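Engineer: Okay, handing you the structure first.
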Amino acid sequence: MDHFLYRAGALHAEDVPVAEIAAAVGTPVYIYSAATLERHFRLFDEALGDLPHLVCFAAKAAGNVAILKLLGDLGAGADVVSLGEYLKARAAGIPGERIVFSGVGKTREEMCHALAGGIRQFNLESEPEMRALSEVAAEMGVEAPVTIRVNPDVDAKTHAKIATGKSENKFGIPLAKARAAYAEAASLPGLRIVGIDVHIGSQLTDLAPFEAAFAKVAELTEALRADGHDIVRLDLGGGLGIPYERSNSAPPLPVEYGQMVRRTLGHLGCEIEIEPGRLIAGNAGLLVSEVIYLKEGEGRDFLILDAAMNDLIRPAMYDAWHDIVPVTEPPAGTETQPYDIVGPVCESGDTFARARPMPPVKPGELVAFRSAGAYGAVMASEYNGRPLVPEVLVRGDQFAVIRRRPSYEEMISRDTLPSWL
Ligand code: LLP
């Protein structure tokens, strides 16, 4: 569910007409709904209800400090994967004790900053990383709370580029090596084992792979406890999918996910951490774009937009589907016609949709990409010399620019000339 609905024929973000924001800020522009972000956070929080738990929003999905602050103020923690995300979470007022640090390549510098600034735990992904953290923490004279991310070798049944839980993926330590890895971690100075971490992939539309992975985590918890480790937290990662194509998909709801977590892990008495990104932010954001040209091709018509693959890369990168709707509601019964919907970037991959049935749309009109709140703005680039797309947050009848569009001067001024040129 989201808060982007047509009212009196005009698409609204909560109580604000989308066209009003586009007129004020220009296009392309990302627009987020505070009510939707809040609602989705609460769904997870309530789904885990009586279990001791912490919902750590995966900052990689939508890392704007305003979004992190909104969620942090509701009690969310953050899952970060770089010093940049750590600092953004801190700038948003999220305390270190609610921040978990994930990722396969944490540098010593990042470890040092997080240890100095405060951190709930590091999710370790390899033995070399474990040894590096031990050295950094010991040198600083502190103890780093750690989990080890295990790779349960389950098929998440999602797009290959975002599946992470198979043995061929770079993530985590194989289950077969987990007991040895925990034994080593326990023997190293500067580390304090607090739990187990697992994350098998993103945009999962079925609970079965989660359940298979969590059953393995439950077994491992018992085995590690028998080995004498103090396993008090289980970090289950993120991954629950959203209905990108509203007409034909209905992934499981957070409440069903919560029941499954309770069923598989509830008896262990552990604190549960989850790291949802997409389900909190995905349907809380639109990308709004203006149609520049309608070009009649051979056997197809192209809608050429002012948004491009540099602004929203998901279709080019994962063949992802985003619903694309006109900002002015077409009258009931309007016939659709197929369009190839493309951006101005100079490669054929800059295609958002092929033969997409759309009501007739004219140059100058606005369209909105739905479900663009997660992995949208954060993955944007300046490819083709296009300044980074701005972001706007709506709450009720007010909106605010939460990242402005850089000027061309700003973009160019970051390049510097060597003295010999
Ligand atoms: N935790 C870890 C360790 C992760 O690697 C991820 C996502 C998450 C949590 C959040 O997963 P979510 O709840 O959002 O599924 N750019 C891709 C998605 C990449 C996901 C990477 N990891 C896309 O646009 O589909």
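Including glycine, each Cβ sits where the backbone N, Cα and C put it.
Take a look at what TrEMBL says about it:
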| type | residues | note |
| --- | --- | --- |
| ACT_SITE | C346 | active site, proton donor |
| BINDING | G239, E275, P276, G277, R278, Y375 | pyridoxal 5'-phosphate binding site |
| BINDING | R278, R314, Y318, E347, Y375 | substrate binding site |
| DOMAIN | 35-281 | domain 'Orn/DAP/Arg decarboxylase 2 N-terminal' |
| MOD_RES | K60 | N6-(pyridoxal phosphate)lysine |
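Help me see these features in their spatial surroundings.
Structural biologist: For the recorded site, C346 (active site, proton donor), the DSSP three-state label reads coil. Shown in sequence order, N384 are the residues of the chain, 6+ apart in sequence, with a C-beta less than 8 angstroms from the C-beta of C346 (active site, proton donor).
Within its own chain, R278 (pyridoxal 5'-phosphate binding site) has A58, A61, S202, Q203, G238, L240, G241, I242, A374, Y375 as residues 6 or more apart in sequence whose C-beta sits under 8 angstroms from its own.
The 10 Å shell around the Cβ of Y375 (pyridoxal 5'-phosphate binding site) contains 26 further Cβ atoms across the protein chains shown.
Residues within less than 8 Å, Cβ to Cβ, of K60 (N6-(pyridoxal phosphate)lysine) and separated from it by at least 6 positions along the same chain comprise D79, V81, E85, G277, Y375, V378.
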Engineer: Just to verify a number: CA distance, G239 (pyridoxal 5'-phosphate binding site) to Y318 (substrate binding site), in angstrom, no decimals.
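Structural biologist: Cα-Cα, rounded: 16 Å.
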Engineer: Tell me, roughly as an integer, the mean pLDDT over the domain 'Orn/DAP/Arg decarboxylase 2 N-terminal' (35-281).
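Structural biologist: Reported value for the domain 'Orn/DAP/Arg decarboxylase 2 N-terminal' (35-281) is a mean pLDDT of 96.
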Engineer: Would you mind ranking the binding-site residues G239, P276, G277 by how many other Cβ atoms sit within 10 Å of each Cβ and giving me the lowest?
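Structural biologist: Among the binding-site residues G239, P276, G277, the sparsest Cβ neighbourhood within 10 Å belongs to G277.
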Engineer: What are the sequence-distant neighbours of Y318 (substrate binding site), meaning same chain, six or more residues apart, C-beta distance under 8 angstroms?
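Structural biologist: The answer is H159, K161, I162.
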Engineer: Those recorded positions, G239, G277, R278, C346, E347: which ones have a Cβ sitting under 6 Å from ligand 1?
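Structural biologist: What lies within reach of ligand 1, judged by Cβ under 6 Å, is G239, G277, R278.
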